[in-house]
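If you check Swiss-Prot, you get these features:
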TRANSIT   1-19  transit peptide
BINDING   H138, H142, D349  divalent metal cation binding site
BINDING   L160, I161, S162, G163, G164, D193, G213, E217, S320, N321, T348  substrate binding site
Amino acid sequence: MAKYISNLSRIAVVRGRVSVSTLVKYPRIVLGIETSCDDTGAAVVDENGTILGEALHCQKDIHLKTGGIIPTVAQHLHRDNITKVVNKAIHASGISPYELSAIATTVKPGLGLCLGVGLSYSLDLVNKYHKPFIPIHHMEAHALTVRLLHPVEFPFLVLLISGGHCILAIVSGVSEFVMLGHSLDEAPGDTLDKVARRLSLINHPQCSGMSGGEAIEHLALHGNRKICKLKIPMSHHRDCNFSFAGLRNQVNKVIEQKEAEKGISKGQLLPCVADIAAAVQHTVALHLAQRTQRAIYYCKREGLIPTERACLVVSGGVASNRYIRKALQTVTHESDMTLLCPPPRLCTDNGVMIAWNGIEKLQSGVGVLHNADGACYESRASLGRDISELVRKAAIKVQPIKILS
């Protein structure tokens with residue numbers, strides 16, 4: 001009988017005769033779609049934080065062979081897989097698309113060709129099933145993923161580290177961000193990937209199928225970082241901005257020197273790759289930790305985060321790196337703060353974080369479009385209000401960091 005009533009309710013809703021809320025108070029449900037870079041993700045999540053269904057197609061193996069992400073190739077792969085991925089997530093959830101409360105999709109920032117695939121597909125669904133559309137800022141979604149798992153209250157400090165971004169910000173609300181600092185050139189994930197390619201780690205027997213960042217972390221476990229002396233970027237700049245291009249240039253010079261010493265040609269594996277990996281990882285970790293430490297000092301001084309029970313959230317693909325987490329744990333321990341990171345599978349791009357961000361926006365009534373005409377994607381997009389210049393003018397000195405063992 002219950003199943004029969006449920007089916008009648010669904011039919012009534014589908015036919016538009018009554019609303020779900022008229023029948024029974026069901027939790028709202030959002031379908032999230034992610035195609036900003038090289039992962040095609042979809043998930044169905046309800047407002048209780050239950051992941052009803054999810055699916056992901058990763059393009060990593062293909063891009064490893066081409067030596068990096070080629071936008072046209074990524075676009076083609078998204079087109080080939082998006083229908084299958086979305087259908088798999090919906091099927092796993094056990095619900096009908098008519099039961100969705102809204103459809104949320106990444107529209108910024110990212111690779112334009114890839115964003116376009118997700119947006120076009122989503123708008124087709126929106127029109128077919130007559131659902132509200134929720135455009136999602138990719139980095140906002142990363143920042144709020146932790147709230148799916150932990151009752152983190154606003155405001156909190158967030159460090160977003162990935163292959164495309166490096167941002168320190170205060171999160172004051174679902175769509176309220178204040179940026180303290182960002183990368184002036186490339187992102188840490190991009191740097192680690194490029195170093196891995198320069199070291200030809202794709203040819204290392206222990207690194208088969210690993211991304212550049214994964215290979216660096218794996219080899220660093222057995223390396224001696226003290227063999228290669230690398231300078232921490234921007235040590236004399238008392239702000240919260242980041243720079244990684246100079247570090248990569250340092251590493252390239254070290255590699256060239258080692259190749260000359262060993263008589264090894266470019267493209268061949270050096271015997272000291274683990275040492276170089278350990279040195280690079282350590283330097284990236286210290287750079288991130290020092291800037292984060294300054295951000296904490298600044299925020300507490302200015303009353304931007306609570307003085308007690310304050311929280312640092314770290315998210316994005318690079319947040320999966322355990323050594324970098326350890327460095328940041330050192331900072332939060334000394335500052336009497338809690339460090340929270342989503343599990344690795346939710347740090348990298350996925351549909352769950354998009355669906356959850358859609359739920360949060362739906363609950364707060366922010367950014368929900370009942371008419372999606374004119375919805376568009378943006379390859380570049382800022383994150384909230386930028387006060388990085390105020391942080392620079394504060395010129396806060398930080399203490400040297402020793403990563404806890």
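Even glycines carry a Cβ here, placed using N, Cα and C.
The shortest Cα-Cα distance from H142 (divalent metal cation binding site) to any of the binding-site residues (L160, S162, G164, S320) is found for L160. Recorded residues G164 (substrate binding site) and D349 (divalent metal cation binding site) have their alpha carbons 11 Å apart, per Cα-Cα distance. Secondary structure at H142 (divalent metal cation binding site), taken from DSSP and collapsed to helix, strand or coil, is helix. DSSP gives T348 (substrate binding site) a coil state; it is part of no helix or strand. Considering other CB atoms within 10 Å as the measure, the emptiest surroundings among the binding-site residues H138, H142 are those of H138. Secondary structure from DSSP puts G164 (substrate binding site) in coil. According to DSSP, S320 (substrate binding site) is assigned to a helical segment. In the three-state DSSP assignment, the secondary structure recorded for G213 (substrate binding site) is helix. Within 8 Å of the centroid of the Cβ atoms of H138, H142, D349, where the record puts divalent metal cation, the same chain has further Cβ atoms from E34, S36, T106, M139, A141, S162, G316, M353, I354.
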